[in-house]
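K.L.:
Before anything else, here's the structure in question.
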Amino acid sequence: MLPKQGPAPVKPPPARKGTIIKPHKESAPPTPSPSTASTTPHPTYDAPSAETHVKTNLVNRKLEAAEYTKIIERLSHKAAPSHSSNNGKSFASSSEIPSASATASSSSSFFRSPRFRRAALRFGGYSLLAMGGLVLLSDHLVQVMWVSGPSMTPCLNEGYGETHLVKDMILVKKWEPAKNLRRGMVVTFPSHLNPSQTTVKRIIALAGDRVTPRNQSDGSAQIVPWNHVWVEGDVADAKKTMDSNTYGPVSMSLISGRVMCVLWPRMRLLKWDDWAREGGEPAAKRSRVEEDAVKVEKPYIGA
């Protein structure tokens with residue numbers, strides 16, 4: 001005996017040509033009432049909510065539980081409010097601002113560090129070397145000096161007669177100042193009245209020359225002795241200079257320097273050979289000097 005079979009499945013009627021089968025429409029979700037919408041809190045920032053972001057990634061990327069947790073933590077960290085002032089400018093928290101005590105301690109530790117000590121010792125050594133070099137230059141090589149007074153005008157202190165305030169800065173050679181002296185050179189030596197001060201004068205006669213002193217009434221001449229020079233000022237008025245016409249020849253051992261140039265206010269070289277060739281007042285001075293009038297020798301000193 002055959003078993004009983006159930007009713008045959010009913011097949012849907014074939015679709016007509018040109019018709020489209022439409023899926024069943026799902027019922028639309030109920031619209032919230034105005035009272036419900038008003039109670040829903042609004043987000044305080046414009047970024048998408050964490051749930052929407054995670055749901056989108058879950059659908060598209062199929063996130064795992066661990067990655068889902070990381071995304072939630074990242075979004076919650078970004079959404080945290082920052083410290084801000086009334087005008088909207090952000091400020092660092094108190095933990096990020098270094099305190100004054102920390103700054104002072106770091107500064108004191110720097111000054112106590114071996115690096116600072118090495119730098120201080122190096123700087124001190126260089127300073128001592130520089131000071132020693134300056135002392136060596138000023139005592140044995142060259143020296144910068146200021147010239148005051150009218151005795152060497154117009155060669156030095158140009159325009160002194162107008163203001164009486166002009167001072168020239170000169171460069172003086174200190175190395176072997178009395179070697180190979182010539183007529184017309186400008187030299188320095190201690191003052192006759194005050195040895196602590198320095199005098200600047202021009203050599204017009206050397207040892208063995210016969211010199212007629214300025215304003216000499218009787219016209220008597222004087223022979224410059226060995227190892228001496230006759231010096232005078234360049235000023236035309238004899239009353240404005242005190243030189244060999246007053247205290248006689250100057251020993252070459254007293255000469256402390258030779259003026260090389262003027263540094264300020266008008267930089268220029270002092271060429272003694274130009275003085276020997278020029279006319280005017282230098283010519284009048286040279287007319288009072290008879291060069292190499294006598295031959296002088298080193299005096300004999302007995303045993």
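Every residue, even glycine, has its Cβ placed from backbone N, Cα and C.
Any TrEMBL annotation is an automated prediction that lacks curation.
TrEMBL lists these features:
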- 1-58: region 'Disordered' (REGION)
- 34-44: compositional bias 'Low complexity' (COMPBIAS)
- 129-216: domain 'Peptidase S26' (DOMAIN)
- S151: active site (ACT_SITE)
- K201: active site (ACT_SITE)
K.L.:
Measure from the Cβ of K201 (active site) and count the other Cβ atoms within 10 Å, all protein chains considered.
P.N.:
25
K.L.:
Return only the integer: C-alpha distance in Å from S151 (active site) to K201 (active site).
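P.N.:
Cα to Cα, S151 (active site) and K201 (active site) are separated by 8 Å.
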K.L.:
Can you see whether DSSP assigns K201 (active site) to helix, strand or coil?
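P.N.:
Assignment for K201 (active site) reads strand.
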K.L.:
Could you tally the C-beta atoms, other than its own, that fall within 10 angstroms of the C-beta of S151 (active site)?
P.N.:
23
K.L.:
Across the whole of the domain 'Peptidase S26' (129-216), what does the mean pLDDT come to? Round it, please.
P.N.:
88
K.L.:
Could you tell me how many residues in the domain 'Peptidase S26' (129-216) are helical, how many are strand and how many are coil under DSSP?
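P.N.:
Summed over the domain 'Peptidase S26' (129-216), the classes give 17 helix, 27 strand, 44 coil.
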